[in-house]
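Participant: Take a look at the following structure, please.
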Amino acid sequence: MAVLQVLHFPDERLRITAQPVKEVNADIQRIVDDMFDTMYEEEGIGLAATQVDIHQRIIVIDVSEERDQRLVLINPELIEKSGDTGIEEGCLSIPETRALVPRAEHVKVRALDREGKTFELEASELLAICIQHEMDHLVGKLFIDYLSPLKRQRIRQKLEKLAKQNSRAR
């Protein structure tokens, strides 16, 4: 298992639309395991394969405090959503940035699990928000896309400055 490098905005690879997984095999399972290692190392609650430069429809999530409730969504499809909610979201690909994003309060998704078996899941609250956030990544959408152009530009400038500081520190 390995910790993968997380892409950071404004890296254009974050905008690539992920392709469906054709077959859940040992390679896909290894990607899933590496994604969990990466997510836990980065102290996140969700990670889409796009964020680690793997452009396949794979999401890993664990919103539990104990970090023991792993959820794998391969080729997820949103089949129902209802209600309105929103929280200040953050993202491993957009460090040190949070913003309020409107989301559905409840969702129902269909996906494949780590073994390739189809399942459906109903989720609400934080899990529903996390699923929607990660599914956005699979189509090249970031949570800052919900913000005004001015706020997005400020975030871009802040992150470019941070990247320059980090590269000088190395």
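Each residue, glycine too, has its Cβ placed from N, Cα and C.
What Swiss-Prot records for GLU134 is active site. Among the features that Swiss-Prot reports, Fe cation binding site is placed at CYS91, HIS133, HIS137.
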Participant: Near CYS91 (Fe cation binding site), which residues of its own chain have a C-beta under 8 A away, given they sit six or more steps off in sequence?
Facilitator: THR97, HIS133, LEU142, PHE143
Participant: Look up CYS91 (Fe cation binding site) in the DSSP assignment and reduce it to helix, strand or coil.
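Facilitator: Once the DSSP labels are grouped into three classes, CYS91 (Fe cation binding site) ends up as strand.
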Participant: Cβ within 8 angstroms of the Cβ centroid of CYS91, HIS133, HIS137: which residues besides those meet this for the Fe cation site?
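Facilitator: Everything else in range on the chain: GLY46, ALA48, GLN51, GLU89, LEU92, SER93, GLU134, ASP136, LEU142, PHE143.
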Participant: Could you tell me which three-state DSSP class GLU134 (active site) falls into?
Facilitator: helix
Participant: Measuring CB to CB from GLU134 (active site), give everything in the same chain under 8 Å that is also at least six residues away in sequence.
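Facilitator: Residues satisfying the criterion: GLY46, LEU47, ALA48, ILE59, ILE61, LEU73.
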